[in-house]
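Here the structure comes first, spelled out in structure tokens, and everything after it is commentary.
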Amino acid sequence: MSDTEDLAALNDRLMAKNHALAEALNRAGKELTKAKSRLAQLAQPPLTFATMVKVDSTRTDADGIQHASAEVISGTRRMVVPVASNVNAARLTAGATVMLNEKLVLVEQRDADTVGQIRSVKQVLDDGRLIVTDASGNPVLIRRSGALAYADINQGDRIIVDPSVRLAIEALPAEGDKDLVLEETPDVTFADIGGLDSEIGRIRDAVQLPFRHRALFERYDLKPPKGVLLYGPPGNGKTMIAKAVANALCEGGYDSNGDGSISPAETRVKGVFLSVKGPELLNKYVGESERLIRLIFQRARERAADGNPVVVFIDEMDSLLRTRGSGVSSDVETTIVPQFLSELDGVESLDNVMVIGASNRVDMIDPAVLRPGRLDVKIRVGRPKTNQAIAIVDHYLTDDLPLENGVDAHALSAVLVHDIYGTSERRHLCDVQEENGQWHALFLADVVSGAMLKNIVDRAKTRAVKESIETGSDVALTVPLLAAAVEDEYRETRDSMADVDPEQWSRINGMDPIRRIRTAE
């Protein structure tokens, strides 16, 4: 190979090397540019969030450049800051979130924050300002943001406030007291309740008569009762009775003549049933329980304003209206009871509103609540007697169930009840010692309830279902199946007696005070 050819080959190699170096330098330059961009981004000072209050001043110079300042709140600092010329000051709205640069210049406006502290509106002033309270009841006077300038805000509404608690940012939907006050039409009727004819008659007289025969009540200058108390041991139908009353009220169009017709003078009315969860009204924050009670009665008055009857049903009333001074660690009842009584007896009329309370422990309810003129009618819903128990069981043992041949449902009910109410040793639960020191035997019949009767029938039905699955055909409900269900209930009840507190158990079950319990072997 000649020298010329060698030089040409070397030149080619050097040119290729130069191209590679140029590409490498180009790539390095791009990477360096990216790195500088990243460094520049990292070197940018942080922006500070603030809440816009109002435009403090604004003017435009001869060159058309805007010179404006704005009042903002950042944390707890209240400041007047300059507004960047590229931000239109006319579009800055109170309550909006704005950004401040390192020199505290307003450089950007964003939407108002959708999270923050929640306050309750205590009062709306004539100029639109709001007095709001926190969970402890501490009042604060605040302004409205631009978004709420013309919003309809009422006492009791909830709002979101800015971090400094100076501006109302957003109005929230009405507080979820619907979880506490359930407006409903229950599907339970008086026909679904067995063995409580006397109690049902009394409560119908107390609740339905005043609304069925308004003219007669006015003619005799008779005021309907303000309230009814259903009390007695648990599981015997207090809540079912209240639901049946609600069902009758909500359906309207009562049978006032007893023959399915409505007299010409009768006014057809349709009622409202407000169910209150008593224990959930209790709140650890001062004044909150009282506020909820006010809301409940306010809602009742609103529903009753058009003349329709309203029933406010308070279950577990003893948990809410406990005797004042009986608290162990606190005495919240000292303010809750007076608030309830003021709503019941207060200046604002409770026309067409009736309170129905249910309690297992009437001895724990404040005596002021129980006096005449408040809860006028007191109905004890006690344990069922034999005939009442049969009537209850008849609702759950019906002729359309698979029964053994030649036996009707009523006969099975009678056999079941007589087994439960037997006083032989096989139904002996325990011996109890009264306060006078005397011992006496306690049988299953002494603690029976409507709920227990239903549970026994359900046990028998469950056993029949299991046997039907095993055999592949319907297994009839028989006396032995029912007897086995009674035996299971008896054993569970007997075993549970060993772990109860005698004094507390006797009070809950509406019995005379018991000092000791000696379980059966």
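Quick reminder: no glycine exception, Cβ is built from N, Cα and C everywhere.
Within the chain, the coiled coil (4-44) has no long-range Cβ neighbours under 8 A that lie six or more residues past its boundaries. Annotation comment: Swiss-Prot describes 4-44 as coiled coil.
Applying an 8 A CB threshold to same-chain residues 6+ apart, the list for N236 (ATP binding site) reads L196, V381, G382, R383, P384, S449, G450, A451. Taken from Swiss-Prot, the feature ATP binding site applies to G235, N236, G237, K238, T239, M240.
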Helix, strand or coil: which one is N236 (ATP binding site) in, per DSSP? coil
Cβ neighbours within the same chain of G237 (ATP binding site) - under 8 Å, at least six residues apart: I193, G195, L196, E199, V381, G450
Chain-mates of G235, N236, G237, K238, T239, M240 with C-beta within 8 Å of site centroid, ATP: L230, P234, I241, A358, V381, G450, A451
For the coiled coil (4-44), provide the mean pLDDT of the predicted model. 81
Binding-site residues listed as K238, T239, M240, least Cβ neighbours within 10 Å: T239
